[in-house]
Amino acid sequence: CDELPHIQAGKSSSCEGCPNQKVCASGATKAPDPAIAEIGAKLSTVKHKILVLSGKGGVGKSTFSAHLAHALASDSTKEVALLDVDICGPSIPRIMGLEGEQVHQSGSGWSPVYVDDNLAVMSIGFLLSSPDDAVIWRGPKKNGMIKQFLRDVDWGDLDYLIVDTPPGTSDEHLSIVQYLSATHVDGAVIITTPQEVSLQDVRKEIRFCQKVKLPIIGVVENMSGFVCPSCKNTSQIFPPTTGGAERMCADLNLPLLGKVPLDPRIARSCDEGKSFLNEVPDSPSAEVYQNIVQSIKDYCSNRVTEEQSTT
């Protein structure tokens, strides 16, 4: 991104002690990474690319990514892929029911793991010998793995590529935005929960998107109230003391895609590697999910129409 402080690379006080300080200060890192063009060519057959972001951990980002993929792939005419770039905490294999699976090398690159004929998944979790293995890597190695996922995986022709990211606004996020800069990225879906401690970090994520010129599709508020199955009363497990995502979106002029109620069956479905949308399709949470997914599909379609009219 043009706004990122490349001029200070290797020269600021925060660079002291970094093993890459001399390389950055020399200017060698300012040269364009040839992988960007390679990734652009590789992903030219992917129609829509959607990033799922959140500044806060534990807000249901991977859960949303998985169910967005399931919902999009429920249309058998669409080809969908889910890429997990949470290098240190890859939960997508478990959520998608793919623990123990492995990727295979072919002449055209790594082959992703398939949940269904039209739903592919790639995660570093498939490359570990055990789900309990810790990935203790510095930034450059994590960035290299993200580059491989985008450049060396045989994605094929896709209608949607969903990228599940880790919390924060650090190495992995900068890498994914940089590597996708030569491709068309539809935008980011930002996940939060209602309480201020989550919204505080999410505002940083929104600022990150604005700074790197990543369009924001909208915000999803997870765990938004709980309806007791016995007494039917609604409880605010995470009280929106500052107005929740609805107030934040109004203040920042962002679309609120939906508010997903807390439902223990969502967590159970994820633990069992099943789609909550298929398991409990008539639940209030599933209905909200479907409305959110439709809004995302409409957004992607409108962007295509706008680009065609501009061209």
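Even glycines carry a Cβ here, placed using N, Cα and C.
Heads up, TrEMBL stuff is auto-annotated, nobody curated it.
For 47-218, the entry in TrEMBL reads domain 'AAA+ ATPase'.
The 10 Å shell around the Cβ of G57 (ATP binding site) contains 13 further Cβ atoms across the protein chains shown. Marked as ATP binding site by TrEMBL: G55, K56, G57, G58, V59, G60, K61, S62.
If you look up TrEMBL, you'll see C228, C231 marked as [4Fe-4S] cluster binding site.
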Distance, C231 ([4Fe-4S] cluster binding site) to S62 (ATP binding site) (CA atoms, angstrom): 31
Candidate with sparsest Cβ neighbourhood (10 Å radius) among G55, G58, G60, the listed binding-site residues: G58
Nearest-integer angstrom distance between the alpha carbons (Cα) of G58 (ATP binding site) and C228 ([4Fe-4S] cluster binding site): 22
CB-centroid shell, 8 A cutoff, ATP site G55, K56, G57, G58, V59, G60, K61, S62, site residues removed: S54, P167, I191, T193, S198
